[in-house]
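First comes the structure, then the notes that go with it.
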Amino acid sequence: MTPAARVAAAIDILDQVLDGMPAEQVLTRWARGSRFAGSKDRAAVRDHVFDALRQRNTFAHLGGGLKGRGLMIGQTRAADIPLDQIFNSQGYGADALTQAELDHLPTGPLPPTADMPEWLHPALRDSLGNDFEAVCAQMQTRAPVFLRVNLHKTTLEQAQKALQEEDILTKPNLLASTALQVTKNARRVQNSKAYAAGLVELQDAASQAVTAGLPLKSSRVLDYCAGGGGKSLAMAALGATVFAHDINTDRLKNIAPRADRADTPITLLDSDEIADHAPFDLVLIDAPCSGSGSWRRSPDAKWRLTSDALSDLHDIQSKLLEIAHPLVSSDGILIYVTCSILMSENQTKITDFTSKNLDWHVKSEQILTPLDGADGFYCARLKRVK
Ligand SMILES: C[S@@+](CC[C@H](N)C(=O)[O-])C[C@H]1O[C@@H](n2cnc3c(N)ncnc32)[C@H](O)[C@@H]1O
């Protein structure tokens, strides 16, 4: 595909995403229906779409409209690429600019805060304080790709060497001793031998930081909201005996093959089986949340979030704390985690919980934002008052 044809594809995809469809779903459908598109084309179209969603309002301002076409005109302008190289009606490329589009002269640049939903600005300002603008600017950029080294099978150095043999370059990351940041050929990771052999998994460094600091060796752990098992696998690799549960049992299906690859067994539990295995030394609630800490990776989610949906999430988060805390052994630890940067899903939830459950107190809290180099994360460790 020519650069112009890739932009034309991105315009169609963006129009569907702007109508409310999840970006991943539209991209997958487009790739299936576009046999002519090679892996480089698919990657380029994906980058266009995600970049445009990260900077949606900036590009709409530069391009003169909040439609796929406006966003891609804005993106082309922001990249300083001559517009007629892309918008020239040639081949499968995008149509040439209309007179109105040519006449659109954007006034000065928008601040980075413009690319965060406006209704959330007060909550984000409260949550991030002086970092609000800087976090918004960071959210306009692509997130780094991180790997978690499976210490059960290898060391950081050996994993780096194995990846290097496949021309995938990495460097250690200070957030977690298991974390490698990919600096070259990130897209090759999932087809690499090192990945197939279970030496590494894709996992954000902040997510790794959350589990890396836990007392996991020889602990019995319940991952109450295990999803695809990212944290279950990380905890098992650090020596824990892990039980994984999720209300959506379909989401647990990926755990068995991943656990096999990593050589770290994980026991899946249905809701009615949990009581038989309780209490646990550690119960992890990786709560469903706005995902605002990882909006660089899924930028369409920030435009889909509504205040009603956020309020529903607050209710679920409170419910999960109430359901899960009795499953912790008398001297055990309750861990509450979100990939949110909103105080209402984090500190506020924990304060509400401890004010209703006076026998629990917060041992420590960890608050990470994208300014720390990875996704935004919150982690509270709670114990019973002695
Ligand atoms: C943030 S995701 C978990 C991600 C996962 N821990 C990982 O590291 O890959 C939140 C999960 O909570 C699950 N969930 C939502 N409500 C739940 C409930 N009431 N009980 C248990 N799990 C729930 C969702 O199905 C979703 O898989």
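Positions of Cβ are set from backbone N, Cα and C atoms, glycine also.
Note that the coordinates shown come from a computational prediction; the quantities given were computed from them, not determined experimentally.
Sequence annotations record features per position, and here TrEMBL assigns active site, nucleophile to C339. Here TrEMBL flags D246, D270, D286 as S-adenosyl-L-methionine binding site. According to TrEMBL, the domain 'SAM-dependent MTase RsmB/NOP-type' annotation covers 135-386.
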Among D246, D270, D286, the one of these binding-site residues whose Cβ has the fewest neighbouring Cβ atoms within 10 Å: D270
Three-class DSSP secondary structure - D286 (S-adenosyl-L-methionine binding site): strand
Site diameter for S-adenosyl-L-methionine, Å, by largest Cα distance between D246, D270, D286: 17
The domain 'SAM-dependent MTase RsmB/NOP-type' (135-386) [mean pLDDT, rounded to integer]: 96
The residue listed as 'active site, nucleophile' versus D246 (S-adenosyl-L-methionine binding site) - Cα distance in angstrom: 17
Cα separation, the residue listed as 'active site, nucleophile' to D286 (S-adenosyl-L-methionine binding site) (Å, whole number): 8
Separation of alpha carbons, C339 (active site, nucleophile) and D270 (S-adenosyl-L-methionine binding site) (Å): 24
